[in-house]
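For reference, TrEMBL has these:
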- 1-12: compositional bias 'Low complexity' (COMPBIAS)
- 1-21: region 'Disordered' (REGION)
- 28-47: transmembrane segment (TRANSMEM)
- 59-78: transmembrane segment (TRANSMEM)
- 66-139: domain 'Concentrative nucleoside transporter N-terminal' (DOMAIN)
- 90-106: transmembrane segment (TRANSMEM)
- 150-172: transmembrane segment (TRANSMEM)
- 151-250: domain 'Nucleoside transporter/FeoB GTPase Gate' (DOMAIN)
- 184-205: transmembrane segment (TRANSMEM)
- 226-248: transmembrane segment (TRANSMEM)
- 255-459: domain 'Concentrative nucleoside transporter C-terminal' (DOMAIN)
- 309-333: transmembrane segment (TRANSMEM)
- 345-361: transmembrane segment (TRANSMEM)
- 404-427: transmembrane segment (TRANSMEM)
- 439-462: transmembrane segment (TRANSMEM)
Amino acid sequence: MIAPAPTANADPDTPPAPPEIDLPPTPWSWRIALVVALCAVGALAYLGSSALTAQPQVAYRIQAGCGVVFFLGLTALFSKSLQSVSRKTLLWGLVLQFALAVLVLYSEHAQLLLRRVGDGIGALIDASDKGAEFVFGDLAKEKGKAGFVFAFRVLPPIIFVSSFFSVLYYLGVLQLFVRLMARVMMYLMGTSGAETLSVSANVFMGQTEAPLIVKPFVPRMTRSELLALMGSGMAHISGGMMAVYIGYGADKVAILCTCVMACPCSLYLTKLLYPEAGTPATAGAAPIAVETPYVNVIDAAAAGVKDGVVLAINVAAMLIAFTAFIALFDIVLGQFYPGLTLDRIFGTLFAPVAYLLGVPLEDCDKVGNLLGLKLAVNEHFAYLKFKEWNETGAVVLQGRSKMLAVYALTGFANFASVGIQLGGIGAMAPGRRADLAKLGMKALFIGFLATLLNAAVAGLLVDQR
């Protein structure tokens, strides 16, 4: 049966979405078998690791290996049509994800390259500090009279890095990397050109900026392609936020590595959760002839500043609101259950998730707390707490736990991002707003799981630190 194309909020000036067939649903017997298998994997992770306390290196790898299987099984459990999943897309996606991880974790040349890129981003932060100090004086200095002032220390780099990346985009530098990666994934995984190109662009661009590269194709995308667009956006962070988190002291190699690994990971998770049911308009071809929206370098820099200001204001406003809400929640909760806080709740709920990443048992509640904050509030709030722990020593994490936390936190997957994408991508394709709204929570699921899978893969491969 052919499902009719969406008509709600249709724009007469844009072409209709392609028709899609009704895929057979995953049989309930398969879902029940997957639930049993997931319980067995969870038990194996705990029992296998507990039996090898004298060999922590092996124990951590058992935890992480079970985590990889568990997260994949969880996605399969909720798959719309498990029997319709493309084996080529799934297998090659896993191969690419592991290959990238092995390359970064075991190749000195790859690590050196990523460190150089990280150092370059650090240089951008130093340059932005000079601009901020010129405008704000001591308020923007790291050791000024006023101490650390978030608004003047953290927000200016977002503005400058956003402007810098806009210039790189105008000059065509970003497109070289994006097109190369898109061609490799499209050829190996069999995904469409438009979705693969946008997913690749997410390495450097934000969740509403990357889709602009394929803007003409968004109205004609299948639902699976739209989900890939959204899920990948939540599995990555923008170049501006990358600079901020590196400035917070996060591992440069880990941040850059997880952003690259998230490309194939988010793509194959999408096709596992929501298999392709239509014929993509760009199947077998990458739409690489993308026009730049800027007139010249100055226009690109100015437009980047404007985008950076909007992002910086949004970051500040979100942190003000959510910090206040969390404080209020703790106050109200304390009236009924003294000593109970949102931190403790998140730590308890997400500790098993942290365990499946390969995090040492004694750090699971702490890393679980960060994961909960990332999902419920945003990754910036979680990174701020991570930074505070590192600087004050109030909470001490092992080196392995810190590294895996960076892998798991580096992504825009939070509830607020659903609304951000609905507004941003919806503006490019008004006729697809209904589809975008229906796919929002699925995209959040994919984005969150992609970062967890990246962390679990790293936990499986990395040596004990």
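Placed from the backbone N, Cα and C atoms, the Cβ positions cover glycine too.
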Worksheet entry | Tertiary contacts of the transmembrane segment (150-172), as residues 6+ beyond its ends and Cβ separation under 8 Å | 121, 124-125, 127-129, 131-132, 136, 139-140, 142, 204-205, 238-244, 247, 292, 294, 296-297, 299-305, 307-309, 311-312, 315-316, 319
Discussion item. Going by DSSP assignments with H, G and I as helix and E and B as strand, what are the residue counts for the domain 'Concentrative nucleoside transporter N-terminal' (66-139)?
Written reply: 67 helix, 0 strand, 7 coil
Worksheet item: Between the stretches 226-248, 309-333, 345-361, 404-427, which one has more Cβ pairs under 8 Å with the transmembrane segment (28-47) than any other?
Response: 345-361
Discussion item. Give the nonlocal contacts of the transmembrane segment (226-248) in its own chain as ranges (CB under 8 Å, at least six residues past its ends).
Written reply: 118, 121-122, 124-125, 128, 154, 157-159, 161-162, 164-165, 191, 195, 198-199, 202-211, 214, 218, 255-256, 259, 262-263, 265-267, 269-271, 273-274, 308, 311, 379-380, 383-384, 386-387, 406, 410-414, 417, 421, 425, 432, 435-436, 439-440, 442-448, 450-451
